């Protein structure tokens, strides 16, 4: 019986307290230096902001309300345990009586708008309070107050005559009281009324309010007035913004429905056992009250429940973070060793960002993108099943990649990976206690934590045989569920003789109860298709099995699960399936369908010259991670045949073995899936028969061509030859009428596609990215199902086919980097479903056809870097266009009035010299970037809409009217060599970047925004007063300087660390410091303008060398550009300071070329809260006091 019988299984029913107490003793919080040392730490709450209902990340009114509600709740509960779990009885905090309480003035809306929205609520199952049976009086009574308080959401429908009713005003006052006291969510609808009139009680609304207030007590009037002022500031739905009232109602009811879903407690984790103890331990490691970025490892054997714990933790705390994501089964997506490690890491990072920011088709070009996108975001990231350091390097290489307060959770079986990555916060997951194991088993066998009557004894016996492994308990319990006690008793003797507590025996039992067809499906998934989409598996195996029903049954038996569309089988189950397949050959020879998997299993079969000639159905061989040469008999390879599924990665293997393996294709005329990574031959064998082929995946191959002539391809659905850089041509594909995806990315030698492409009537995705030799596309007049066409960086492509207009279902067209493309066909306007059109860096393109005006579903038009583009079509209005980017279209002279719905307009680097008045009607416009031109002052209406201004090189002064740009956030003055001074500028500015302004001497201004960032690289003529102003009035700065200024009384003139002593008086909660560093070159041969950023950490330790903080500068986790004779300053907050001595260290990467020559620290004003909270001092007083403080040297 092995170790199972040593468990000493007890039938005693433990109390919850006993279970938790025992669990705590068995679980460890480990440091990587000593895996048995335990640490216990306290915790607090934090919160998450984004909650998006729309794919384009627009946050709805409902989402904002919900976020505020959650924030209030977090504030109210900040002193409680942040991971404390609700009991079943209290999982819903209140007994709600209604979903929605509407407050409205009946005469205005009851028979029109209100009746329609109530009907929409009814159709969506939203319970709305109706006051038909309440008798009206001068003031609202207890019944109505209870109805308001008992509603999850209050919707205030503000109309012109709303304030004419004292009843409505009393309702509103009560609603706003509930909002303040109990965090009730309040949504607003402004129906034919301006919020300003409500806030200020003006206009027709104000007249009605004045009339209602006559003769009323002053206290009551003030209560009404305060309620109106408050409700007017709540972002809501404006009827004036909607052309169609029905659309507005549908939007409101959908938002309300989605919000109500958040009130429904999750049942996804009901029935999990022992989670309270796991969360208590993890709480000590998470320390959500700290702003440091922390990585936590969850370490334990396979099947112990690491993934379940991580998912549960994610469910508990992820909504307190700005961004969150779970990356599952990472090791399955990252081969070892990796043929192209950089590409694999890039793909992993791409997947992470895609989930994190909800951008399905995100494209990244280098591994620094994650750091750039996430460095200021509070992130909760789970990295599941990590087994290589390279995976962590791709996804979470440094804590500086993420914003303050971020938490990265890594689950792994390998403690060495965590040690190598420097992760010293590790939670070791121990096996559950006897009582917990029994409850886990019972939950899966009986659907409750106790066995059914009469099953007590036998349930305990089976639990003991499961070896306390959660996966085994789950699988075995599911297998016995619903069976009679007699069936259990017949099964038990067999379990006792074959089970020794190992998971393989447990899975064997669950496997044996499957019918033969489901067993085959299980083995197919384990050996070939783990991680594949259900669609592909159904297509590939549908000929042999009832895949749909089989997948459903395997999922019920807990043998597989689904991650969206993809099938997931646990690693242990996969290992069991592969081992079972190998044993079948050993015990049964070729009497069963054979699946050859892994070098060991394949060698056992193929290294014996006596092996009979027999049929095989599938082979999965990964040899790229096998260093020793395999001894496979070539004679055997000649006799094994009839493979339907071939999956091989033989990279780095000897040519002899490569050629021998290719014989498998010769003798397999009915192949359905050929997946061969790094195929070495120049062409597939002439005898290769693709007639039955459904999937062809030959990525990173050495192919020059696939085959000669025309072959029958009627079953082919997926073809991927990406990264086959020597591929010069494709065969005739006219018979591939069912092909859905054709991927040829990075086939850089491919010159043209065959004309037979036009026969691909089922094609949905055509990916030709980086096919730099491709000169033309054939006609695609029959590609009516095409959804994505990717042609970016096809730099030799001269034109698009006229037939592209027949691709009426095309959603995304990317021709960025097609630098030889001169014009677009007029038929482009026939692609009426097009949503994203990217023409960036089409540097030869002169104009767009007027037919582009037909693209009424186009959301994004990106033409950045189209340097020859002279004009856009006129007299068109793309009603769906949201983003228009024309940056660096240097020949564009006319203003692009092609839509009135644009929210993001970028005209930097264009030759535009006017801003038409019509732009004022573009109500959605939120981001408007433009370069300066002399006549800009003639368009004062532009001053209220420009957010980013780029000044030209020849400018001699910044016009004084720039100060009037009330929304200006960014100002760039690069290479303005004649500029001598800066005048007073807009207080709205967040960022000024003045690079290489060689004559700039004075700053005749002050900066009233304490959060402003000022950068003046290579402005060497700046006088001392200007440099002092820059240094002391912003949170981040860069400017010329030869030494750390004397006002930094704590200085180190050599090295990158220094020690400071604080005053002995009581220390505040938070201390603020300004840090200053100056760089020196290590390599004197470097150019003075280094293009590589330098990463700088700030590590703060106390006198005991204990780490207090590890942070980075408040704007950049890296310094750029790197320049000598320049000063870099930035502010930082240090929280919970208890020591009177602090050591500041400035470790940096890129030390080969640069190092920190001098550094300094200046203690600023102290605050009890971080900068995100309300400051103690006004911006102006903060600026002056810190400036004086520095001059005095105190």
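Placement of Cβ uses the backbone N, Cα and C atoms for every residue, glycine included.
Marked as region 'Disordered' by Swiss-Prot: 1-27 (among others).
Swiss-Prot lists 96-260 with the feature domain 'TIR', giving sequence analysis as the kind of evidence.
Remark: residue 106 (NAD(+) binding site) has 114 as non-local neighbours, by Cβ distance under 8 Å and separation of at least 6 in sequence. As annotated by Swiss-Prot, NAD(+) binding site applies to 105, 106, 107, 108, 109, 110.
In the three-state DSSP classification, residue 171 (active site) falls within a helix. Sequence annotations record features per position, and here Swiss-Prot assigns active site to 171.
Mean pLDDT across the domain 'NB-ARC' (280-535) comes to 84 in this model. The feature domain 'NB-ARC' is assigned by Swiss-Prot to 280-535, with sequence analysis given as support.
Annotation comment: Swiss-Prot describes 623-647 as repeat 'LRR 1', evidence class sequence analysis.
For the repeat 'LRR 2' (658-681), residue counts in helix, strand and coil come to 9 helix, 5 strand, 10 coil, using DSSP. Among the features that Swiss-Prot reports, repeat 'LRR 2' is placed at 658-681, with the record citing sequence analysis.
Cβ atoms under 8 Å from those of the repeat 'LRR 3' (690-713) belong to residues 339-340, 536, 539-540, 644, 651, 669-684, 719-724, 726-736, 739 of the same chain, restricted to positions at least 6 beyond its ends. Summarising the annotation, Swiss-Prot assigns repeat 'LRR 3' to 690-713 and lists sequence analysis as the type of evidence.
Under 8 Å from some Cβ of the repeat 'LRR 4' (714-737) lie the Cβ atoms of residues 340, 343, 536, 539, 672, 682, 690-708, 743-754, 756-757, 759-762, 767, all in the same chain and six or more residues away from its ends. What Swiss-Prot lists as repeat 'LRR 4' is 714-737.
Long-range contacts of the repeat 'LRR 6' (761-784) within the same chain: residues 717, 722, 737-755, 790-804, 806-809, 814, each at least 6 residues beyond the stretch ends and with a Cβ under 8 Å from a Cβ of the stretch. Residues or ranges marked as repeat 'LRR 6' in Swiss-Prot (evidence: sequence analysis): 761-784.
Residues 745, 758, 763-780, 813-825, 827-831, 838 of the same chain lie 6+ residues outside the repeat 'LRR 7' (786-807) yet bring a C-beta within less than 8 angstroms of a C-beta in it. Annotation source Swiss-Prot lists repeat 'LRR 7' at 786-807, citing sequence analysis.
Residues 361, 769, 784-802, 837-855, 862 of the same chain lie 6+ residues outside the repeat 'LRR 8' (808-831) yet bring a C-beta within less than 8 angstroms of a C-beta in it. Annotation source Swiss-Prot lists repeat 'LRR 8' at 808-831.
Here Swiss-Prot flags 832-855 as repeat 'LRR 9', drawing on sequence analysis. Counting same-chain residues at least six beyond the ends of the repeat 'LRR 9' (832-855), those with a Cβ under 8 angstroms from any Cβ of the stretch are 792, 808-826, 861-873, 875-878, 880, 885, 898.
Helix first, then strand, then coil: DSSP counts for the repeat 'LRR 10' (866-878) stand at 0 helix, 1 strand, 12 coil. Per Swiss-Prot, the feature repeat 'LRR 10' maps to 866-878.
What Swiss-Prot lists as repeat 'LRR 11' is 879-899.
The repeat 'LRR 12' annotation in Swiss-Prot covers 900-922 and is backed by sequence analysis.
Sequence-distant contacts of residue 108 (NAD(+) binding site), defined as residues of its own chain at least six apart whose C-beta falls under 8 angstroms from its C-beta, comprise 159, 160, 161, 162, 191. Long-range neighbours of residue 107 (NAD(+) binding site) (same chain, six or more residues apart, CB within less than 8 Å of its CB): 161. Shown in sequence order, 157, 159, 191 are the residues of the chain, 6+ apart in sequence, with a C-beta less than 8 angstroms from the C-beta of residue 109 (NAD(+) binding site). Same-chain residues that are not part of 105, 106, 107, 108, 109, 110 yet have a Cβ within 8 Å of the Cβ center of the NAD(+) site turn out to be 104, 111, 114, 159, 161.
Beyond the ends of the repeat 'LRR 13' (943-965), by six or more residues, the same chain brings 908-909, 919-920, 922, 925-933, 936-937, 971-986, 988 to within a C-beta distance below 8 angstroms of the stretch. Straight-line distance linking the Cα atoms of residue 105 (NAD(+) binding site) and residue 171 (active site), rounded to a whole number, equals 11 Å. Cβ atoms under 8 Å from those of the repeat 'LRR 11' (879-899) belong to residues 56, 835, 840, 852-853, 856-873, 905-916, 918-919, 924, 929 of the same chain, restricted to positions at least 6 beyond its ends. Taking DSSP states H, G and I as helix and E and B as strand, the repeat 'LRR 6' (761-784) has 0 helix, 4 strand, 20 coil. The Cβ of 110 has fewer other Cβ atoms within 10 Å than any other of the binding-site residues 105, 110.
Separation of the C-alpha atoms of residue 171 (active site) and residue 110 (NAD(+) binding site): 17 Å, rounded to the nearest whole number.
The 10 Å shell around the Cβ of residue 171 (active site) contains 25 further Cβ atoms across the protein chains shown.
With DSSP classes pooled into helix, strand and coil, the tally for the repeat 'LRR 8' (808-831) is 5 helix, 3 strand, 16 coil.
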